[in-house]
Amino acid sequence: MRREVPIIVTLIAGLLFLLDYFIKIPLISGIVGEFETWAIVISAFALGLGAANLFRIHLQKAIKKSEGWYNSVLLLVSMVVMAISGIGWTQTNSIYSYMFDNIFVPINGTMFALLAFYLASASYRAFRVRTPEATVLLVSAVIVMVGNAPVGRLIWEGFPGYSSWIMSVFNSAGMRGIIIGASLGAIVTSLRIIFGIDRSYFGGQ
Amino acid sequence: MSDFIIMSRLILFVLTIGFSLSMIIIIKNAKKGKKPFIRKINGLEAIDEAVGRATEMGRPVHFSPGIASLSEEQAAQSLAGLSVLGYVAKLTAKYDTTLITTIRIPEMLPIAEEVVKQSYVTEGKPDAYNPNNIRFLSNEQFAYAAGCLGIMTREKVATNIMMGAFWAESLIFAEGGFAAGSIQVAGTANYHQIPFFIAACDYTLIGEELFAAGAYLSEDPLLLGSIAVQDIGKALAIILIAIGSITTQFEWTVITDFISKYSAL
């Protein structure tokens with residue numbers, strides 16, 4: 001039963017969602033709508049499960065005074081304060097809003113901004129002229145970057161044209177090839193899961 | 001007929017039925033022992049080597065199944081990532097190496113726990129399974145990225161495997177792993193993130209290779225057979241591209257108009 005029930009549920013749900021996408025039957029649309037509501041409820045419960053997992057792991061670390069235990073304490077305190085202020089007095093209360101706007105948002109923004117530095121270091125490694133492929137990558141990247149920068153047109157008027165040629169011919173062709181392959185892969189993976197051929201999602205039994 | 005079938009999706013409907021039937025036929029042949037040919041995928045061959053390296057160094061392996069939820073378009077990538085997780089967990093169980101799996105999507109947590117636990121049971125080492133190593137970090141994209149970076153740096157992971165759907169955090173992970181000195185194997189079908197993985201990782205699975213990964217690693221003839229359906233789809237795509245190129249060249253738009261009309265999403 002442990003093996004059969006998930007396969008049957010997946011098959012029924014998968015076929016219903018597929019049918020609803022292609023065929024107009026009010027009964028099936030109603031059932032699919034109901035499933036979507038269940039999915040939201042399950043996700044909410046899963047979030048609670050996730051929070052419990054986080055709490056348990058960091059509480060153990062703090063109690064055992066494992067390496068970096070003070071980070072775990074900070075995380076637990078932040079988590080409890082945010083949860084109590086958000087759930088207890090809704091997310092519009094001043095304490096929650098203050099912490100969200102002045103702590104969470106700037107930290108989130110900083111993480112995103114760090115990307116610029118990571119981009120520079122990864123580009124440096126990728127563009128080192130060691131192989132013919134890296135050389136092609138470097139030359140194309142320089143043309144595209146210079147062509148898209150305002151200064152590119154001032155250096156040579158041909159840069160923007162070559163830049164858009166690389167992007168619209170080579171880049172688009174490669175990208176579409178990847179998209180077609182990936183889409184076919186996603187379709188086949190989905191069919192494998194719906195028909196119960198691929199059971200890796202519950203331990204591959 | 002048009003009251004029953006959504007006509008703008010007619011071609012997709014026919015293709016889905018065609019793919020399903022092809023899959024059934026190919027799998028029936030595979031059951032008879034006809035094993036399909038699958039080309040070598042270096043990124044997947046490298047997983048054994050990468051886990052072996054972590055074992056030799058006595059340091060953990062980090063695995064991320066991406067950040068896509070199971071109820072969106074990219075769910076297939078997350079499920080493909082979980083297939084690879086099962087294989088990696090079997091290797092880490094076999095070699096007694098620590099496997100840290102980080103999770104962003106809450107509903108992925110129990111699934112990842114089950115996949116890893118089952119792999120340890122299959123390898124005959126249920127006691128070695130540690131639920132504390134399957135960690136939900138945050139459902140916020142950059143908080144999850146920060147958590148992964150912290151784990152890679154503090155726990156000095158020797159191997160960083162990322163298989164699934166990734167967005168802006170992909171380069172943060174890859175560069176974080178590089179800074180921690182990890183050997184990195186990544187795979188995604190999000191075409192806008194593939195260049196970052198190629199630039200920063202040792203091995204990258206591009207697009208369809210991610211979806212073939214589970215079947216490739218399991219060596220199950222049934223799963224391998226299903227990959228052949230992708231080749232049928234690719235052949236069909238090539239034919240359509242050729243027809244589209246020729247007819248467009250001669251400004252004959254009947255076929256492209258028909259496809260546009262009946263294959264809208």
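Here the Cβ of each residue, glycine as well, is placed from N, Cα and C on the backbone.
Keep in mind that what you see is a predicted model, and the values were worked out from it rather than measured.
Within its own chain, the transmembrane segment (A:7-32) has Cβ neighbours under 8 Å at 190, 193-196, 199, counting only residues six or more beyond its boundaries. Annotation comment: TrEMBL describes A:7-32 (among others) as transmembrane segment.
Outside the transmembrane segment (A:38-57), and at least 6 residues removed from its termini, the chain residues within Cβ reach (under 8 Å) are 75-76, 79, 83. For A:38-57 (among others), the entry in TrEMBL reads transmembrane segment.
Residues 51, 54-55, 58-59, 61-62, 97, 99-100 of the same chain lie 6+ residues outside the transmembrane segment (A:69-91) yet bring a C-beta within less than 8 angstroms of a C-beta in it. Per TrEMBL, the feature transmembrane segment maps to A:69-91 (among others).
Annotation comment: TrEMBL describes A:103-124 (among others) as transmembrane segment.
According to TrEMBL, the transmembrane segment annotation covers A:136-156 (among others).
TrEMBL lists A:176-195 (among others) with the feature transmembrane segment.
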